[in-house]
Amino acid sequence: MSAPTLDVESPLAASTSSLRAMNMVSSHTTVAKDEIYDLLGIGFGPAHLALSISLRESSEANETNFKAHFLEKRGHFAWHPALLLPGSQLQVSPLKDLVTLRDPASTYSFYNYLHSHGRLARYINKEQGVPSRREWTSYLAWAARRMNQAVSYGQDVISIEPLALASASPDAKQDTVAVRPASAQEADSLCLYQVRIRDESTGHIVNRYARNLSVAVGGVPKLPPAFQAAWDEQQRAPHSIPRLVHSGFYIPSMLKLEPELHKAASLRHPDAAAQLDDSSRLRLAVIGAGQSSTEMFMNLHSRFPSAIVTMIFRASALVPSDDTGFVNSAAFDPERTDEFWQASETQRRKWLQEFKRTNYSVVRTDLLNELHDAMYDKYEVQLPEELQDPTEKQAGRMEMRRCTEVVEVTPLDDGIQLTMRDNLRNAKLETIRFDAVFLGTGFIRSPSKMRFLEQLKPFYPALDAEWMSRDTIAEEDEVSKSIDVEDEEVIERRREMLRGITRDYRLVPASAMQSDAVRSGKSSPGSGSDASSTSSQQTLASENSTENLPEASLYVLGGNEATHGLSDSLLSIVAHRAGELTTSLLQRLPRTRRGTASSAATQPAASTVASAAKTSPTVSVTQTKARQAAQVVNDKLAALSGLHLDATS
């Protein structure tokens, strides 16, 4: 099978139009059609790596010459490199790799990686049922190397400008297309994105054009409120020694910080043979009670055995993660995404709260037991002095401050001062100086935090944090009570409008937000079917646009926990979702190109999605009946003016 066009675009060569259009489009400009990508993916972690493989293995993508490429800011592939600590284990089954849930026969599976490296039998003989994080990183890097032609590294996306057709009737026979800057008031005419990219090695800036964008760039550090000002101050001095370290930067930060801490320790205690007291020891704090906090806690004790390392958290105890079969199935199986999507907001919130124990502020049981046993043996079991190893007298300690909250953070020249409230002792306040503080407080994965999407905020309400935080419980609950098989298309439309995103991860444009019709299930005054036709263009899979340049779509991955479930940012779903995205992208090709492909999607991803559709009316309508149903939906919306969409209407 020949590879689709995504495999011939590396490295990104500066094309004629790219060099000609170094700045954002100020008026009309022309773009060569052969320079337009069907998809540009921003970020190249597991989510987009899985998608690139799915596209390569898709027969339909080959037949239609689907042109895709991915951009990664780092100079090479990496997966959570900041916490690649010795002994750290993967927290998910290795069968939830890049491909297996989409196509178990793919050569990009974890087990084929082991086989190709001649160690499948040795892996089977391992006692641990999951690979180390080190081995999983090696697997991902192996797959990424095989996809090298699909990605350009060292490419920083600066901004994205939405473009519209300059002519209402473009000439399909021309090799170029005329475009102009799009207006948020006419987002339904948005047909292209201009992506401005800086090459990190040369500083050169080029523009690329794409019909579809997919964003999967991970998250930004989530900081407790008390730490925000100190963090911001430190960020303004990027070349200084970091005393406040988030887990997302742990190993790179330690390259600077560790020598400084060892130097400070030797200055305080120049005589290595003398007895150490607490005033001479390094003091290090770890904030949080989850997996990353625990790993940093143990690693810091290993790096600085004579230091006092304190773990500070609000909970009563460290809690094990629930990775039992029933819970894993209920929270992370692929079909749960459909179940979650179709549920009301009230039900989705309950599920998120219920299944937090699988992923948030929890620790793998084996690591938890290892830590508990080490602390018990070291601090509870006392040997007679004559039997003690001489180094024990110099040893530091690990300690935990549970039920404790940090209320004030004061940066110092050589450390951080924390004021803490001890909720076990009548909210008593205590202030302690630490040489460094480490935050295992998680990440924020909202697309509203991505600066390069700033120009698109007027076009997509879901990019606005305030819009996303509005209360829609009543409207969502009304939708869930209104479900009628006959009107499933209408119900699906309302879900998309309320959430600002579709089931297949496309953001809903502002022009589709007919607020009266969306929020009450009514057509707005004077709207009728014409008003809702704009909505139908933007949602489901309908295309009321030119044959050669359908409407542009923005896919967002990893920031949709509230609408698609806990697995959205996790490895559990990447393979299956890659198949869904492949199907969605191919369905949105121009009609003239779709006609060149065989009628059936022959890749396993398509069959996987089709299988899911049998149990999900939403997926079935979205992926197989949307275009035929669009006009029917519009007629229904008009006919239902003034009526709620319930079974008795």
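Placement of Cβ uses the backbone N, Cα and C atoms for every residue, glycine included.
Feature annotation from Swiss-Prot assigns FAD binding site to E72, K73, R74, G75, H76, F77, A78, W79, H80, Q91, V157, S569, L570, L571. Taken from Swiss-Prot, the feature substrate binding site covers K96, N328, S329, A330, A331, N359, S572, and the record attributes it to similarity to another entry. The annotation NADP(+) binding site is assigned in Swiss-Prot to A289, G290, Q291, S292, R314, N359, Y360, S361. Summarising the annotation, Swiss-Prot assigns compositional bias 'Low complexity' to 520-536, 596-611. Summarising the annotation, Swiss-Prot assigns compositional bias 'Polar residues' to 537-547. The annotation region 'Disordered' is assigned in Swiss-Prot to 512-547, 585-611.
Structure with Swiss-Prot features highlighted.
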residue : record                 : DSSP class
R74     : FAD binding site       : coil
H80     : FAD binding site       : coil
K96     : substrate binding site : coil
V157    : FAD binding site       : strand
A289    : NADP(+) binding site   : coil
N328    : substrate binding site : helix
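Among the binding-site residues listed here, namely A289, Q291, A331, Y360, S361, Q291 has its C-alpha nearest to that of H76 (FAD binding site). Rounded to a whole number, the distance between the Cα atoms of H80 (FAD binding site) and A331 (substrate binding site) is 23 Å. In this structure, the C-alpha atom of L570 (FAD binding site) lies 12 angstrom from that of Y360 (NADP(+) binding site). By neighbour count, meaning other C-beta atoms within 10 Å, the densest spot among the binding-site residues Q291, N359, S572 is S572.
Here the candidates are the binding-site residues E72, R74, K96, N359, S572. The one whose C-alpha lies nearest to that of R314 (NADP(+) binding site) is N359. Cβ neighbour density within 10 Å is lowest for L570 among the binding-site residues V157, L570. A289 (NADP(+) binding site) is surrounded by 25 other CB atoms, counting those within 10 A of its CB over all protein chains shown.
For the pair V157 (FAD binding site) and G290 (NADP(+) binding site), the Cα-Cα distance reads 32 Å. Between the CA atoms of A78 (FAD binding site) and K96 (substrate binding site) there is a gap of 18 Å, rounded to the nearest whole number. Within 10 Å of the C-beta of S292 (NADP(+) binding site) there are 25 other C-beta atoms, taking all protein chains into account.
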